[in-house]
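Here the structure is laid out as structure tokens; the discussion comes afterwards.
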Ligand code: AGP
């Protein structure tokens, strides 16, 4: 949600912090701030409401110089998006930036107020700053490390953070708890960030902190202590992400770029996973994973938002193709209801980021409930989700920066279809079907290329819809979750109210909304459900509904031709992936025509690390 970048060097670190914040802005963008210790050993802090650019303008006037500093981009949790609530928060010599939520901050605040501390923000983070200062003053012989170890014992919740102390101006302390923090290694300088993207322009060398780790950084040394206070050597990894891949290139927005990258991201996702014998090979699966899969009699999918929609599509596939019963639910509901775990059930969590708090809570809640095991489908190898599940499958979509998920979604569906084929093989149901899936996955990237060629047609439709207040999306079977996903994309970036429904459900209430003004987009591929869809279309037409049908070049409809958006032929198995791309383009063009901030829609953040 929020982004952290910190640096310690012999040189001026201001540009590192500025560049880092710009790169992290996609994670949270309602306010930002930085603090440095200058050469007179004074803490200088700058904070601004709104975009990082506002902060950068105010810093540029000040010609700052510092060898040590911390910075933050914020997505508000406690307290509105105001300058006073932006990080860093300061308590005398201590300044901190923090990702996460302190659940017991109110209790601690009451105690600190009794000790005479005054609060200038509404945040939970300021409480940590004062608590560190209080603990340090009470135990003035203790090292900063011991103080932080004592403080973390008192905090409940998530508190990945970086601490800078004016009285120890040659060190930065980092604590990982609940959300990722990694150390970047430079030449005669070191860095801390919540996302490697912030540092890729200056280093590819990273150390991922483990849960509970506390790291001490100087410009030349890195020491890591685990949650028991024992010094640990953590592995250094070389990032494989190309810095150029995190720029927009010739595209206007990351979302536009990511939509167009889908043939490539799907090719990456299937790479080395489709064998010559037309079977699926997952190098990630060890003997234990394969054993769990062969015992699996039920799949319980848990996810949020777009990833939840990927799960809903796969339910149709798991049940109709591999004959495995499957239930899908949103993580925030799963955590807070009593349910019965089915016999030999596999918990499958789908997430682009692997940091979504609702998913992590669901996983931790499910740990001792009797699932056979937990499997993650995720786009981030170093995420908490991959770390905490029993085994995982990576989507290899590449970093997704646009807040609206596009290429991560189609990569999730691709992995899910491969997993379905894997189950068909394990359960020895219908080997021909497994081969068919492999054949079809091989041509999927080309099929996505073919729908991308229709962007002008979709742009023309966007011009008819951008001023509307409501849009209804309808689908049947596997296309019903695609209707939900189309509606989510529209809400998210074009701020038009949209709903997705199963087309047969419309007559049970929502039909009352239908008139000649509300656009109704119907996904109607040429499959065994088409006749039923046509009947439902007649019902809508009888009420003068404003219908737009997404179908193929050959299917006949009774409707006015100008309202039928015709795409090339698509194989039924992969048609949900295919049509989802057309809806991504539609949402993108509507938001573009409206002039919205497409990559950073209002009130949202890329990964939602709070419940
Ligand atoms: C998608 O466009 C959204 N930004 C959002 O629904 C997202 O899919 C959801 O927050 C789940 O995120 P995750 O996949 O990273 O867990």
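Glycine too: its Cβ is placed from the backbone N, Cα and C atoms.
These come from TrEMBL:
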type	residues	note
ACT_SITE	2	active site, nucleophile
ACT_SITE	606	active site, for Fru-6P isomerization activity
DOMAIN	2-220	domain 'Glutamine amidotransferase type-2'
DOMAIN	289-429	domain 'SIS'
DOMAIN	461-601	domain 'SIS'
Stretch-averaged pLDDT - the domain 'SIS' (461-601): 94
Cβ packing number for the residue listed as 'active site, for Fru-6P isomerization activity', 10 Å threshold: 26
Residues in the domain 'SIS' (289-429) grouped by DSSP into helix, strand and remaining coil: 64 helix, 28 strand, 49 coil
Euclidean distance between Cα atoms of residue 2 (active site, nucleophile) and residue 606 (active site, for Fru-6P isomerization activity), Å: 9
The residue listed as 'active site, nucleophile', number of other Cβ atoms within 10 Å: 29
Summary of DSSP states over the domain 'SIS' (461-601), given as helix, strand and coil counts: 70 helix, 28 strand, 43 coil
